[in-house]
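Student: Checked TrEMBL, it gives:
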- 69-117: region 'Disordered' (REGION)
- 73-83: compositional bias 'Low complexity' (COMPBIAS)
- 84-96: compositional bias 'Basic and acidic residues' (COMPBIAS)
- 97-106: compositional bias 'Gly residues' (COMPBIAS)
- 123-142: transmembrane segment (TRANSMEM)
- Cys204-Cys208: disulfide bond (DISULFID)
Amino acid sequence: MASALCRTASRLRPVQMFRRLRASSDLLSPSSPSPACISDHGDFSLPRSMFTLSCGIERLRMDQRRLLSTSASGTTSKPSSGESETKSSGENEKSGGSEGSDGGGSDQKSDRASGKHARGAPVSWMSFFLLFATGAGLVYYYDREKKRHIEDINTNSKAVKEGPSAGKAAIGGPFSLIRDDGKRITEKDLMGKWTILYFGFTHCPDICPDELIKLAAAIDKIKEKSGMDVVPVFISVDPERDTVQQVHEYVKEFHPKLIGLTGTPEEIKSVARSYRVYYMKTEEEDSDYLVDHSIVMYLMSPEMNFVKFYGKNHDVDSLTDGVVKEIRQYRK
């Protein structure tokens, strides 16, 4: 309220000063009575008028000084008020900025805290579950593939898979060898009956005896199941040591129907090539050596045509069933 009154008084002062200046100008204007007129009327008011004029001029100077001081004070008060307002606004801005910075800092701190909290737990339950499920799936897949691979190996070791038929196999052919009784025979002498050929040598320590025992047992079972007589034949791949007498004594140890054949190295090489049989001597120690050879039995038809082969993985029953099956299909 007091400040409002002060502002009103300061505004009215110039108006009052203007009025005083006007009054003093009226005293100096030509319309005012001159000293001559005054002297003519014999009025001795001239000294008074001059005194009044000097007082008006003095008052005018004082009023001008006051006006100047008032205007100066007004101008100085306005910048001060503006400065105060500016300072106050600056302080407000600073306070607002500080508050904003504090608020922003608090927000940043809260964001950082939340980020730290989020980063504090890098493995959530969901990610842990997915990791566990993936690991379990890989273990299960690996175990299943391993079992399947083992089963395939076992199956392949128990049975020889047949490939697609593309005509008759180029196995077999004419030969001329010496039978264990000293008589030379050819493949034509074996025609008319089913024949199973096996290639080996009499000095074989284990493989050949095992295979010939299996062949002898299968021959008897085939006779029981199908009533067919199958002729077992043993062909030596060691002609240097397997003489006719040696072969005769050897084959009679397994089955009375087993026929033993031998011949010269060239004849053995020829028949082995015809039946795709591999054989080779191992390291020699004096006269004692072994022969590495194919372990395969060949089923030949009554026309001495190749029908099927059976590897070492067949036992007596599978060999018997396989031969009987082929014989029955042949009859149809």
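Cβ from N, Cα, C; glycine included.
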Student: Can you name the residues of this chain that are 6 or more positions from Cys204 (disulfide bond) yet have a C-beta less than 8 Å from its C-beta?
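Tutor: Correct list: Leu290, Val291.
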Student: Might you list, by sequence position, any residue in that chain lying six or more from Cys208 (disulfide bond) with a Cβ less than 8 Å away from its Cβ?
Tutor: Gly200, Phe201, Thr202
